[in-house]
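Trainee: For reference, the structure I am asking about is given below.
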Amino acid sequence: MTNTRKTHPLIKIINHSFIDLPTPSNISAWWNFGSLLGLCLAIQILTGLFLAMHYTSDTMTAFSSVTHICRDVNYGWLIRYMHANGASMFFICLFLHVGRGLYYGSYTYFETWNIGVVLLFVVMATAFMGYVLPWGQMSFWGATVITNLLSAIPYIGTTLVEWIWGGFSVDKATLTRFFAFHFVLPFIVAALVMVHLLFLHETGSNNPSGLISDSDKIPFHPYYTIKDILGVLLLIMALMILVLFSPDLLGDPDNYTPANPLNTPPHIKPEWYFLFAYAILRSIPNKLGGVLALVFSILILTLFPLLHVSKQRSMMFRPLSQCMFWFLVADLLTLTWIGGQPVEHPFIIIGQLASMLYFTIILLMLPTVSLIENKLLKW
C-alpha cells in the first residue's frame, strides 16, 4: 500500500519540504534561523490579528485604543508586548540569517538570495508602518521624517509625499492607510516566503564548508525537526523573558506621549533595528544623497553574488575574509550605536567614517582580500 504522505497532492508538498527533504548532514545551528523566522512571522500574524480586533485606526482614538488593549482586554498587555518585542526578535533573526548567508556564501543561490532581499525590504516597510499605529510622539514624528525623505526625489517628490500622506501632513488618512498596509503586508511576506523556499528547494541547502553535499544527505525529519525545536524553545524563552521582565527595554519613552504635531521630540529616532540605516542616511549632508545611501545600504546585498571573486564559496577556510566580515559586523554595530545618538560632535564624524567604511568593506575590501587569498593558495 502506498504511503499517503507521499501520494496525497497536498500532503506530499509538505513531505518534500519538511519531512523527506534531503538535507546536508553538517549544517550548523546557523541554519536554524529560517524556521525561527517562520515562527516569528506566525507569532506576529497571530498577535497582530488579535490586536486588530481592538485597535481603531483613527487619530482621535488610536492612542487610547492601545491603552484600552493594555488595560481592559484580557491579556491585552501580553499580546501587545509580544507583538512589539516579537518584531525585535524577528529582526534579530533576520540579521543573523543574512549574516549567515554572507559568511557561508549562500548568496550564490541567486534567486533565493534576491527574493530574500525583497523579503527584507517588505518586512522593514511593514515594521515601519506598524510603529506608526500606536500614534505616540515617536510614531507621528518618525512617520513625518521618513515619509518626507521621498520629497528628495526630483520633480515628483513633493507630489508623491502628499499622495502618500493623503493630505498636507501626516494625519487621519495616513494612519488609516498605514493600518491597511500593515495588516495586508505580512500575508504578502508569507507568500514571498513560499517562493523563497521554492527556489531554495530547487538547489538544496548550502552547508558550512560550501562544498557540494549531494553525496552526504540525510532526511530533514527527524534530524533537523528536533534541532529546529531546540531553536524554537530558545527563541520563545528569549522573547518571553523580554516581554515579561522588561517589555519597554527596546521601545522609546516618547511613544507613551500621544502624538502632538505642535511639539517635536528633541531626538527623533526609529526603532533599534533601523538605526544602522538611519545613521547612514544622516551621515550625508545632502537630502537626496542620504536617501540614495539609505536605499543602497540594503540594496547592496544584491551585489554580493557579483562581487564574489573567491575560488571558494564559504569563508570557513578563508581567515582574511573572515577578518573583513567581522570588521563589517563591528561597523554595523557602530552605525547602530551612532543612529541612536544626537547629531553633534563627535558622533557626526564617527557616523560618516562608519558609513564610508561600510560601503568600502563591501565594495572594495572583501573582493580585494578574496583575490589575495586566491593568490596565496596558488589558484
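Positions of Cβ are set from backbone N, Cα and C atoms, glycine also.
Here's the feature list from Swiss-Prot:
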TRANSMEM  33-53  transmembrane segment
TRANSMEM  77-98  transmembrane segment
BINDING   His83, His182  heme b b562 binding site
BINDING   His97, His196  heme b b566 binding site
TRANSMEM  113-133  transmembrane segment
TRANSMEM  178-198  transmembrane segment
BINDING   His201  ubiquinone binding site
TRANSMEM  226-246  transmembrane segment
TRANSMEM  288-308  transmembrane segment
TRANSMEM  320-340  transmembrane segment
TRANSMEM  347-367  transmembrane segment
Trainee: Nearest by CA distance to His97 (heme b b566 binding site): which of the binding-site residues is it, out of His83, His182, His201?
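Mentor: Given the candidates His83, His182, His201, the nearest one is His201.
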Trainee: Within 10 Å of the Cβ of His196 (heme b b566 binding site), how many other Cβ atoms can be counted across all chains shown?
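Mentor: If we count other Cβ atoms within 10 Å of His196 (heme b b566 binding site), we arrive at 21.
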Trainee: Are there any residues at least 6 positions away along the chain from His83 (heme b b562 binding site) with a Cβ closer than 8 Å to its Cβ? List them or say none.
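Mentor: Correct list: Gln44, Thr47, Gly48, Leu51.
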Trainee: For the transmembrane segment (288-308), find every same-chain residue at least 6 residues outside the stretch whose CB is under 8 Å from a CB in it, and list them.
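Mentor: Apart from its flanks, the transmembrane segment (288-308) reaches 98, 102, 105, 107-108, 110, 113-114, 117, 120-121, 124, 149-150, 152-154, 276-278, 280-282, 355, 358-359, 362-363, 366-367, 370.
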Trainee: Using a Cβ-Cβ cut-off of under 8 Å, list the residues of the same chain that are 6+ residues beyond the ends of the transmembrane segment (178-198) and lie near it.
Mentor: 17, 37-38, 41, 44-45, 48, 52, 55, 57, 112, 115-116, 118-119, 122-123, 125-126, 129-130, 132-133, 143
Trainee: Any contact between the transmembrane segment (113-133) and the transmembrane segment (226-246), i.e. 3 or more CB pairs below 8 Å with pairs at least 6 residues apart?
Mentor: no
Trainee: Looking only at residues six or more beyond either end of the transmembrane segment (320-340), which have a C-beta under 8 A from one in the stretch?
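Mentor: Same-chain contacts beyond the flanks: 99, 102-103, 269-270, 272, 274-280, 282, 310, 347, 350-351, 354-355, 357-358, 361-362, 365-366, 369-370, 372-373.
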Trainee: What's the CA-CA gap between His182 (heme b b562 binding site) and His196 (heme b b566 binding site) in angstrom, rounded?
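Mentor: Spelling it out, the Cα of His182 (heme b b562 binding site) and the Cα of His196 (heme b b566 binding site) are 21 Å apart.
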Trainee: So for His182 (heme b b562 binding site), how many other CB atoms are inside 10 Å of its CB?
Mentor: 21
Trainee: Of these binding-site residues, His97, His201, which scores lowest on Cβ atoms within 10 Å?
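Mentor: Taking His97, His201 as the binding-site residues, the minimal 10 Å Cβ count falls on His201.
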